[in-house]
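Everything on this sheet refers to the single structure shown next.
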Amino acid sequence: IAKEVAKLLEMKAQLGGDEGKHKFVLKTPKGTRDYNPKQMAIRERVFNAIITCFKRHGAEVIDTPVFELKETLTGKYGEDSKLIYDLKDQGGELLSLRYDLTVPFARYLAMNKITNIKRYHIAKVYRRDNPAMTRGRYREFYQCDFDIAGQFDPMIPDAECLKVVHEILSDLQLGDFLIKVNDRRILDGMFAVCGVPDSRFRTICSSVDKLDKVLEPWAAAAAGVTLSLCPSGQLLTVVCENCLEHGNEHGVGLVFPFLWREGTQSTVVTWEDWILCRLRRPARSWQMEGGDGGCSSTGGSASQTSPLSIGIERIFSILEQRVEASEEKIRTTETQVLVASAQKKLLEERLKLISELWDAGIKAEVLYKKNPKLLNQLQYCEDTGIPLVAIVGEQELKDGVVKLRVVATREEVNVRRESLVEEIRMRTSQ
């Protein structure tokens, strides 16, 4: 190797210096980032919590291509269509990277003529947007979608979506959180209770978003109900007992029993920025368009979707900051035991033992040295958080045992070779 390096350096000297040449800079593209093993361990923890919840509610998983035909995505996002990444012509097809998981899901339903499905989809999406990395806003990021598509009685699927949100955020222990319920019928119920004339509903809706301006008396009253009653939870009582009587035929009141019960501390309120999850209402409906497998958003009798999308990157940012602040030690592997040796010339015995453990489903490691020092092997376990060390020695081989060491307490016990797998499972399960 040294000779080859010397040859390359000699060739470089003959070609001249680097003056005036463009220097290659190693960096990630704008709006993207790498994730180290510690960060990935946190992300996996989040994904596992979300997937476990989705499966608990009976959702199936699907996947779609990372790019779609450009015509499938064009026009589906309004002004945001300019944020779609277009790809060069490949094989006669104009393609674009997916902007979200919703339109690909709609295309999937229409193309396969699916009328009923409860599915989740966790995958990366791409937006040619101005990134804000410190706020978890990227050009490449994950979306976690949960959708119930089909013909159902009003709001029952929506109620379950709210329950899913509550379970996930509670499981992740993010602290106090708000869940945004975005349904015009709830607001209409508030206006009705406050005496707003039906003819003014649409006008007042736009006014509620401008609380810093002068509102008409009934709009101010409606906004006052929203703002003053939310902190105490009385809003829910007002909505359930009074407001929703104007929209009960739509089943809007069903969303609240899932979230507001004795012992639940989260408040349901329409808010703006600090949103981790959102229900997109009114739900879209999708149907076949012609015979080409395209899809369109309609208001007809096609399958309705009750969609839920989780802003996963913001959750990651919160958890990463918490881990850094607490200096919590994050394990980046799930290794249960390190197979070590106490003397030299035992590499073959180490490899034989670790093969037995792997075959039994035990997560095990071995250092890639012929004759590693025992102290170095023990230190590796300390550094990586491996809880157990299975030590092979000359005497242990004669006695048909393995010395099992608990790293945290330094306790050592001799275990019969045939009982080692069961002992490791028992100790790591604790």
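Each residue, glycine too, has its Cβ placed from N, Cα and C.
Feature annotations, reproduced from TrEMBL:
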BINDING   ASP100, LEU101, THR102, ARG127, GLN143, ASP147, ARG261  L-histidine binding site
DOMAIN    31-319  domain 'Aminoacyl-transfer RNA synthetases class-II family profile'
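Shown here: features listed in TrEMBL, placed on the structure.
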residue : record                   : Cβ contacts under 8 Å, 6 or more apart
ASP100  : L-histidine binding site : VAL125, GLN143, SER309
LEU101  : L-histidine binding site : THR64, HIS121, ALA123, VAL125, GLN143, ASP145, SER309
ARG127  : L-histidine binding site : ASP80, LEU83, ILE84, TYR85, TYR99, ARG139
ASP147  : L-histidine binding site : PHE105, ILE117, LYS118, ARG119, TYR120, THR305, SER306, PRO307, LEU308
Neighbour-count leader, CB within 10 A, binding-site residues: THR102, GLN143: THR102
